[in-house]
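Engineer: The structure is given below, and queries will be raised subsequently.
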Amino acid sequence: MKLKTVRSAVLSSLFASQVLGKIIPAANKRDDDSNSKFVKLPFHKLYGDSLENVGSDKKPEVRLLKRADGYEEIIITNQQSFYSVDLEVGTPPQNVTVLVDTGSSDLWIMGSDNPYCSSNSMGSSRRRVIDKRDDSSSGGSLINDINPFGWLTGTGSAIGPTATGLGGGSGTATQSVPASEATMDCQQYGTFSTSGSSTFRSNNTYFSISYGDGTFASGTFGTDVLDLSDLNVTGLSFAVANETNSTMGVLGIGLPELEVTYSGSTASHSGKAYKYDNFPIVLKNSGAIKSNTYSLYLNDSDAMHGTILFGAVDHSKYTGTLYTIPIVNTLSASGFSSPIQFDVTINGIGISDSGSSNKTLTTTKIPALLDSGTTLTYLPQTVVSMIATELGAQYSSRIGYYVLDCPSDDSMEIVFDFGGFHINAPLSSFILSTGTTCLLGIIPTSDDTGTILGDSFLTNAYVVYDLENLEISMAQARYNTTSENIEIITSSVPSAVKAPGYTNTWSTSASIVTGGNIFTVNSSQTASFSGNLTTSTASATSTSSKRNVGDHIVPSLPLTLISLLFAFI
């Protein structure tokens, strides 16, 4: 059973004003050109079943257990992956660690008075305030109504300020926090004391976010000084969660339209939704970077490090040509005039066996969310069934996965077509193995709105996120290179070219149709490709004119990647 994430945003008042964040170079700016307009954040890859037991050596694995009734039970461990960065917040600085997430846009950190911390346990005498409100005037939550994530659902509301600035609506109620729940070791990733910082300023805007696994965070927005990597950031709005059962906060670097002040129900309560300057925008407005862009490089699945690079692209970390495709708006029918998340169009999916045997499964256009906060890959049920059939995999209702013979080598690849260029992912990227038993780590979804390209896909791609032009540039990732060839992004991504099918994007949902051909290029639509691409006229059979990814690479920047995996049984 898939654990679905549920996120909701609750805002008690609008920010009083927009604060322009500033970046002050730290003393140890950079060893290279101090005038370079890019920012590198380092990350590690870590794995585990929870944030409390993560480690760099805990790779995803499948274990077989013999039950008393004679049946074998499959236990899947270490399945979830995240990225984390270390921050110093406040004056004097307090150390906290947060997860980096391209699928959200707000920064929140854990408060030191969190009652779920074992050090703060006061049993049932420690109570939390739950805002109660009359929804009759709001028409419900905008987030709930639009279901912006497809596979995510939730509720949100903006609550008018009271005398305290935190309550609202028709009153408040209290709920106790049992001592049995106050068990978190909050010192592991750090907490933040607002009273311990002379520079913290609250703006009395209430924040709340919740997740489908039962975790949540609530608190108040404010501003303070942040130090991360070689930067000192001032004026960045973030939330301090004085109540959360999640052991780590989140640094959201997504589109500003995904901020809780915009995609929550602020419009229903105040008459307008608004966006504030989140972390990537603050970097640009302060002059630290020239464009609101960043490049993500996960390296291969066995690597312990990866990088994210704000405001630049590293040509040493990818091979072939960097192709650009538009971000598509999957929520236009819900009233959004522009995209709020990183959805792109998959124009086709196929399977290749070392290029000697290629088969196209479908050329139906599918919208897919690029999400570094999701470990596995989720595709429409019909497509997963096609892949399973080609691999000879059988679905096990008891396990909830397709079971297949473990591949003997990496010759088999799943090929994703994006507007006429390919990202090839070896089958091993999607395999969960015990050594003798293998599971297909591609999860079927009920329709195309739930398609997610998670880390198992993103490991194979170098991805540049252009938040200003609403475009994504991708190329095949090059692994374990120590060289750098960094180029600043000013307006458009350097060396990137529009994909030949740039305008051939998803617009409406459609049934998945089998067949087609992604391994040849129609002669009437031949585009100029750099690299060693052979073109030919499309035919009914998938004769190979496979795109060669060439020999260019893009370097990215370091962050701390944390992998957690939930058992889907």
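All positions are counted from 1 along the displayed chain.
Every residue, even glycine, has its Cβ placed from backbone N, Cα and C.
Sharing the record's features from Swiss-Prot:
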SIGNAL    1-21  signal peptide
DOMAIN    83-475  domain 'Peptidase A1'
CARBOHYD  Asn95  N-linked glycosylation site
ACT_SITE  Asp101  active site
CARBOHYD  Asn203  N-linked glycosylation site
CARBOHYD  Asn232  N-linked glycosylation site
CARBOHYD  Asn242  N-linked glycosylation site
CARBOHYD  Asn245  N-linked glycosylation site
CARBOHYD  Asn299  N-linked glycosylation site
CARBOHYD  Asn358  N-linked glycosylation site
ACT_SITE  Asp371  active site
CARBOHYD  Asn480  N-linked glycosylation site
CARBOHYD  Asn522  N-linked glycosylation site
CARBOHYD  Asn532  N-linked glycosylation site
LIPID     Asn548  GPI-anchor amidated asparagine
Engineer: To the nearest Å, how far is the Cα of Asn242 (N-linked glycosylation site) from the Cα of Asn480 (N-linked glycosylation site)?
Structural biologist: 40
Engineer: Can you tell me the CA-to-CA distance separating Asn480 (N-linked glycosylation site) and Asp101 (active site), as a whole number of Å?
Structural biologist: 23
Engineer: About how far apart, in whole Å, are the alpha carbons (Cα) of Asn245 (N-linked glycosylation site) and Asn203 (N-linked glycosylation site)?
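Structural biologist: Rounded to a whole number, the Cα-Cα distance is 24 Å.
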Engineer: Please identify, among the recorded positions Asn95, Asp101, Asn203, Asn358, the one with the smallest Cα-Cα distance to Asp371 (active site).
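Structural biologist: Checked the recorded positions Asn95, Asp101, Asn203, Asn358; minimum Cα distance to Asp371 (active site) goes to Asp101.
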Engineer: Report, in whole Å, the straight Cα-to-Cα distance of Asn232 (N-linked glycosylation site) from Asn203 (N-linked glycosylation site).
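Structural biologist: Taking the Cα atoms only, Asn203 (N-linked glycosylation site) lies 21 Å from Asn232 (N-linked glycosylation site).
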Engineer: Going by Cα-Cα distance, pick out whichever of the recorded positions Asn95, Asp101, Asn299 is nearest to Asn232 (N-linked glycosylation site).
Structural biologist: Asn95
Engineer: For Asp101 (active site), write down the residues of its own chain that are at least 6 apart in sequence and whose Cβ falls under 8 Å from its Cβ; none is a fine answer.
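Structural biologist: For Asp101 (active site), the qualifying residues are Phe82, Tyr83, Val250, Leu251, Gly252, Ile253, Gly254, Ser372, Gly373.
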Engineer: Between Asn203, Asn358, Asn480, which of the glycosylation sites has the fewest other CB atoms within 10 angstroms in the structure shown?
Structural biologist: Asn480
Engineer: Could you check what DSSP calls Asn299 (N-linked glycosylation site) once collapsed to helix, strand or coil?
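Structural biologist: DSSP assigns Asn299 (N-linked glycosylation site) to coil.
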